[in-house]
Amino acid sequence: QNYFLLFFFYSHIYKKNYDMTKTRKGKTEQLLRVDDHDFTMRPAFGGPAIPVGVDVQVESLDSISEVDMDFTMTLYLRHYWKDERLSFPSTTNKSMTFDGRLVKKIWVPDVFFVHSKRSFIHDTTTDNIMLRVFPDGHVLYSMRITVTAMCNMDFSRFPLDSQTCSLELESYAYTDEDLMLYWKNGNESLKTDEKISLSQFLIQKFHTTSRLAFYSSTGWYNRLYISFTLHRHIFFFLLQTYFPATLMVMLSWVSFWIDRRAVPARVSLGITTVLTMSTIITGVNASMPRVSYIKAVDIYLWVSFVFVFLSVLEYAAVNYLTTVQERKERKLREKFPCTCGIAHTKTMMLDGTYSESDANSLAGYTRSQIVIEEEKQDKMLVHMAMNNESNSSRKRGLKGHVGLRIIQNTHAIDKYSRLIFPGTYIFFNLIYWSVFC
């Protein structure tokens, strides 16, 4: 008998617990009344527009692409609205929270991202969707989304530029007569993580705006904007672009101090700097979109390229004039042979141009007998005769004079280029950095 009473007692408890579970499940279905309403229609259909508040928490700004002109952002998107069809009585005023499975059974706002290229809702380990229903019918609908959207960038000041990008939200089907989309807390509706940072940009500020958007075939829609301003870090481009270009220009100036007769040295230096500048320009343009306007970095690189190219042309001019000058000198020597009655004479142009053989042969000459003749080009011919009886002091004086003339044996174009090229490039840099910085 005792065993029978004990069995009856436990059986009664088990049945009671089972019935409570069924009762709780029945209460949940009854409270939501999902099957009692047509949720294909918006709340208050036929009445005024339903207000839907929005707030956003930006989790990360993943990347900025200049080539594709877009940005990628991960955010929490939350919607707030009231649907009296979901209201339920509650003595504790507690809300009920559901996952994404209930979203397919009720009405939710059809918000989409304007100008987005691709987006997705995170689904690890389940769909990152949360639905919270309050007793009075207020609903909170939250999603974790990663979206890649277009950003119209202006590269006219690149890489000294600032870019402003916007993420735009809008209802796809409901016009402003059916759905009023607004920022729930004004400027406080947008929250950002303090740790958000980018390698090439400084994020200056986030802000929110809203306005109406018109489509000729469908009407007016409420559109929300999340705007942020990015200021590019210049140090990377200083190291990778500006400093190498400046060094190549300065390297091209070295040829002005190289002897103009050293053709291989000056030509190879000029060609090397030109090719290096071409490589720098190609590398910069490879990482940029093919825009139809001139960027700030293009101005700097192409002006630097022109300076390097002009240094090559400068030596071409010097070499050509030197060749013409030596050709005229040979003709003059043939025209005025050494038959002037002076023993062992030498004829030479006094314009600062000496060949190596001429300079060596002047060791035994004196300036005791000089005959000057004027030519059409206003040049002077000096006929110098050897005097074996000259004293040693005169020989030493002439040797010093010849040495001084050899040191000064540089073409006038090289002399002027040593000042004009650096001065002009420094002036260009002053104007460039004062305009773009």
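From the backbone N, Cα and C atoms, a Cβ is placed for every residue, glycine too.
Predicted automatically and left uncurated, TrEMBL annotations should be read as such.
Record note: among 57-77, 267-287, 267-287 is the stretch given as transmembrane segment by TrEMBL. Within its own chain, the transmembrane segment (419-436) is flanked in space by residues 157, 160, 249, 253, 256, 296, 299-300, 303, 307, 310-311, which lie at least six positions past its ends and keep a Cβ under 8 Å from the stretch.
Long-range contacts of the transmembrane segment (234-255) within its own chain (CB-CB distance under 8 A, at least 6 residues past either end) are made by residues 159-160, 200, 265-266, 269-270, 273, 276-277, 280, 284, 297, 300-301, 304, 307-308, 311-312, 314-315, 417-418, 421-422, 425.
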